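Attaching a single structure in structure tokens format; questions to follow.
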Amino acid sequence: MQGSSSENEADSRLDPAVAARLRRDDAGLVAAVIQQHDTREVLMLGWMDDEAVRRTLTSGRVTFWSRSRGEYWRKGDTSGHVQYVKSVSIDCDGDALLVEVDQVGAACHTGARTCFEAGGDLGATPAARPQAAGRTAPAAGSATTQARQEDR
Ligand SMILES: [Zn+2]
């Protein structure tokens, strides 16, 4: 049908308003953090070019650009571990996306639920916020408040 084919053409470019906000790396890619929408599990990280972002925004399925294979890759097409898109957000400076999904099965190709489970804990030395900082709020205008406001 003529109507649907021109719709497809209109659809074949990423929305310029979205494209203008992307800050791509030298390879034309932005990072996409994939999160399970209800449990908030951080599932994996992938890379997207403009076309992968467009497909992810419009098709209901997460599509990545595979840097190793040099091709588009729709999550779940071979594994069955589909990611259904719930929402896509962009970060403050445009170089990363947060894609909330409903993940079928394992997000990681190893079979682990998340890629970070698969990779494992690197054994960072845990740190605690200093006790005094959180216990009582300093009076407004105090030196501490001043110092905090200047803290970037
Ligand atoms: Zn993985």
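Including glycine, each Cβ sits where the backbone N, Cα and C put it.
Look at TrEMBL and you will find Cys92, Cys108, Cys115 tagged as Zn(2+) binding site. Per TrEMBL, compositional bias 'Low complexity' is recorded for 123-145. Among the features that TrEMBL reports, domain 'Phosphoribosyl-AMP cyclohydrolase' is placed at 44-117. Per TrEMBL, region 'Disordered' is recorded for 122-152.
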Can you check what DSSP calls Cys115 (Zn(2+) binding site), collapsed to helix, strand or coil?
helix
Write out the long-range same-chain contacts of Cys108 (Zn(2+) binding site), meaning residues 6 or more apart in sequence whose Cβ is under 8 Å from its Cβ.
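In sequence order, the residues whose Cβ lies under 8 Å from that of Cys108 (Zn(2+) binding site) (at least 6 apart) are Leu43, Met44, Thr114, Cys115, Glu117, Ala118.
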Quick one: which of the binding-site residues (Cys92, Cys108, Cys115) have their CB closer than 6 Å to ligand 1?
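Cys108, Cys115, in sequence order.
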What mean pLDDT does the predicted model reach across the domain 'Phosphoribosyl-AMP cyclohydrolase' (44-117)?
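Here the predicted model's pLDDT, averaged over the domain 'Phosphoribosyl-AMP cyclohydrolase' (44-117), is 97.
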Taking every protein chain shown into account, which of the binding-site residues Cys92, Cys115 has the largest tally of Cβ atoms within 10 Å of its Cβ?
Cys115
